[in-house]
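Below is one structure, written out as structure tokens; comments come after it.
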Amino acid sequence: MLLPLLLSSLLGGSQAMDGRFWIRVQESVMVPEGLCISVPCSFSYPRQDWTGSTPAYGYWFKAVTETTKGAPVATNHQSREVEMSTRGRFQLTGDPAKGNCSLVIRDAQMQDESQYFFRVERGSYVRYNFMNDGFFLKVTALTQKPDVYIPETLEPGQPVTVICVFNWAFEECPPPSFSWTGAALSSQGTKPTTSHFSVLSFTPRPQDHNTDLTCHVDFSRKGVSAQRTVRLRVAYAPRDLVISISRDNTPALEPQPQGNVPYLEAQKGQFLRLLCAADSQPPATLSWVLQNRVLSSSHPWGPRPLGLELPGVKAGDSGRYTCRAENRLGSQQRALDLSVQYPPENLRVMVSQANRTVLENLGNGTSLPVLEGQSLCLVCVTHSSPPARLSWTQRGQVLSPSQPSDPGVLELPRVQVEHEGEFTCHARHPLGSQHVSLSLSVHYSPKLLGPSCSWEAEGLHCSCSSQASPAPSLRWWLGEELLEGNSSQDSFEVTPSSAGPWANSSLSLHGGLSSGLRLRCEAWNVHGAQSGSILQLPDKKGLISTAFSNGAFLGIGITALLFLCLALIIMKILPKRRTQTETPRPRFSRHSTILDYINVVPTAGPLAQKRNQKATPNSPRTPLPPGAPSPESKKNQKKQYQLPSFPEPKSSTQAPESQESQEELHYATLNFPGVRPRPEARMPKGTQADYAEVKFQ
């Protein structure tokens, strides 16, 4: 308190601490450098030694300034000079006569920062310094910027109004100067305006997007100014849409284009992240679409870019992925073809038999039965990407595809026995291979070989064989009686055997046999049946039956008589044949009896008859099983079966055999009751045969 009192006395304050003097002013005033500020102030003093016409003078001084000799920073006393540094900038705008001491400070400078006090003079008594009630002026750096009000998005071709305001205005302060600069205004130009705000109108163009617009505010002649720059956002449809891919959390890369659409290959189970971004104003709505199915989408204010994660890609994830970007001004889209590669899966064979339209699905190791002669179509099917190379093999050999364009299809128009075996479909792929096999089993109806019979000491022994798939069953019929097992009276004995597709059966008949013996062997399976019969027919006078029933002597006699007749016939024919040609002809030995040429036509089911048109007993499908009769014994007989008789002695008139020829074969036809001539087609080409008919009356 002592220092202000001392200063008051030194500076001529005669009314120090007089309670009749008071002043109201803010203690601290802050102003940015270069700006203008008004400091409101009011004061009061006693009405003593002055009248209404007495002039009142007010002064603002910097602290520690001698009021009688020092220069004030501002005063209303015209004859009193002010400080040079504040001249024209500091102004006492208040009327001291009315108790107003307001001060305006323009273009504040850093050196203006100080403590200021007010002094009043009126008449001889009022001479007072308000030393304790001044204010402190603080000058700061100019950091404040003007505010620009502009729509967030500008429509191209539509006029827009922009306002620039600097929020620092006082009534006594002069307004700043506003100006505008920017690429959008280059063709229109702007002029500086003096006001507390500025209004700008212009028409944005599409190319004005992302350009700058700046509002400048100037406060003094020394170039102190403030400015605010805004970035123009002119609306436009989505553009520059970009798709990128991240594999297994690696940095995203753009896919390589293949044609007009980028192409991406990924292995099954791999992690993929598809990213989509587009440039648009306002921000576009992004979406990922797979075959018209929306997988992911984002709002305009959502994160950018839009990601689509495929943690472990599957075969079903393959397809065309489309990213769409859309706003009110338009849309844009871009596609990506994703191919998920994987090795063959679910390899199987589809089967169609006999031209059926229904396909049967078979797995690995399946056995497939097919009837001989039917058509068969095998289709190998698998799932893989890229498609696997398919091929068919049998017994290690690659089969030619039925359709070169589709090697997985194997067609067998007519299944034959040689097709039987394992067929394998191979599916080869860079990522792995698979194969599937099926076993083809060819089924066919029985093929009968036999029956054939021979006389033995115990009686008549007959054998019969048949080949079929599945293996056939054999049974014997004696007349209308089925012979099964063994007879309790030991009159017959049946012995079956089998080996693979062959079935064999032996029949032994004991005891006397009737003259009307009819013995039949029947073979059957699920696909058909075939039978062959052996007949022993009686002659009208009972010669043959008597020979069999009355014993060996009578049989020998009849046989000798027969051979005697044949010998006479041969002797009669041979001279004629020798005169016809000198070239020796091969001769065939015969070991037949009178019963050798009794024609017996075997009966068979429809399937067996059909098979008999394709194959003969002379070419069996597989090697004959043990005990089966040789087909050579049936040569030139065409399903004629006989009961063998005793051996025939050679005629003494026959020429001896040469090394390269055999005995000449002659035929004797026995007709019961009439003659059946043999067809000429049965004779070998170039061979002449003579026939003699022997009739039993």
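Heads up, residue numbers simply count up from 1 along the chain you see.
Note that Cβ sites are derived from N, Cα and C of the backbone, with glycine treated the same way.
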Looking at the candidate ranges 133-138, 241-246, 289-294, 595-600, report the one that Swiss-Prot labels motif 'ITIM motif 1'.
-> 595-600
Which one of Tyr57, Tyr128, Tyr667, Tyr691 shows up in Swiss-Prot with the note phosphotyrosine?
-> Tyr667
Cys425: disulphide-bonded cysteine as recorded in Swiss-Prot, out of Cys380, Cys462, Cys464 = Cys380
Based on the record in Swiss-Prot, give the one of Cys36, Cys41, Cys323 in a disulfide bond with Cys173.
-> Cys36
Segment assigned the feature motif 'ITIM motif 2' in Swiss-Prot (from 101-106, 557-562, 665-670) | 665-670
Which chain-mates of Asn364 (N-linked glycosylation site) that are at least 6 residues away have a CB under 8 A from its CB, listed by sequence?
-> Leu347, Val436, Ser437, Leu438
Look at each of the glycosylation sites, Asn100, Asn355, Asn504, and point out the one with the fewest other Cβ atoms around it within 10 Å.
-> Asn355
Asn504 (N-linked glycosylation site) and Asn355 (N-linked glycosylation site), distance between Cα atoms, whole Å = 36
Along the motif 'ITIM motif 1' (595-600), what average pLDDT does this model show?
-> 38
Helix, strand, coil residue numbers for the domain 'Ig-like C2-type 1' (146-231) per DSSP?
-> 6 helix, 38 strand, 42 coil
Alpha-carbon spacing, Asn100 (N-linked glycosylation site) to Asn504 (N-linked glycosylation site), which is rounded to whole Å | 147
